[in-house]
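Trainee: Encoded as structure tokens, here's the structure I'll be asking about.
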């Protein structure tokens, strides 16, 4: 697939398979196209004037850019967690229940169950169970990011996209997010953009290296980090440029 912003070709001839129930890390220097590629996977680039995708991106064999695709339904299946925590200015409970309510769920007992299971899934329940109806803005940065993950889990996605989810967090919060990602891959396919080579090596099963809008190399993380085929991959991983 190719991505254009107007006449500018931001991504060139990208061909990449994302394995199910694995963590795939997208690495590369700033401006290489990895975040642009991530946003293609749930059509977030649709929100940018002049952006268009040529080629196909399939989820379970169906082209997500085909005419008539319900983009809201797609984004329910392919959730996204952004670089900086973005909780809504409402209670912790209402943040998590927001998605299910948008999709028509009104039964309190069902919402209660979704909220608890989503917060448990994001390893946050024990920290907030006694203050569910307090503002989410009172949480720490790391807690807010886990709340945003819980909010994504609440609509039962198949894929989770994460755009540098720990870059704005302290080391302890980052470690919790990384541990959570390792746990979540048993149930979800995860694609994560990261500038942190050590983080990519720790948490991912597969790694894809982007440079100047091209996919240079991808494969099992151990292979990419210890025996890359392309000299540019080795130069980036070893810090010769970036």
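Cβ coordinates come from backbone N, Cα and C, glycine included.
Among the features that Swiss-Prot reports, domain 'ABC transporter' is placed at 1-237, with the record citing sequence analysis. Annotation source Swiss-Prot lists ATP binding site at 28, 29, 30, 31, 32, 33, 34, 35.
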Trainee: Using a 10 Å cut-off, grab the number of neighbouring Cβ atoms around the Cβ of residue 33 (ATP binding site), all chains included.
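Mentor: Result for residue 33 (ATP binding site): 21 other Cβ atoms within 10 Å.
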Trainee: Centre the Cβ atoms of 28, 29, 30, 31, 32, 33, 34, 35, go out 8 Å, and tell me which other residues of that chain have a Cβ in range of the ATP site.
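Mentor: Residues close to the ATP site, other than 28, 29, 30, 31, 32, 33, 34, 35: 36, 210, 211.
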Trainee: Could you say which of the binding-site residues 28, 29, 31 has its Cβ with the most other Cβ atoms inside 10 Å?
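Mentor: That would be 28, with the most Cβ atoms nearby.
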Trainee: Sort residue 35 (ATP binding site) into helix, strand or coil using the DSSP assignment.
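Mentor: Its secondary structure by DSSP: helix.
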Trainee: Out of these binding-site residues, 32, 35, which one has the fewest other C-beta atoms within 10 Å of its own C-beta?
Mentor: 35
Trainee: If one looks at the chain holding residue 30 (ATP binding site), which residues at least 6 apart in sequence have a CB under 8 angstroms from its CB?
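Mentor: When sequence neighbours closer than 6 are ignored, residue 30 (ATP binding site) has 195 within Cβ distance under 8 Å.
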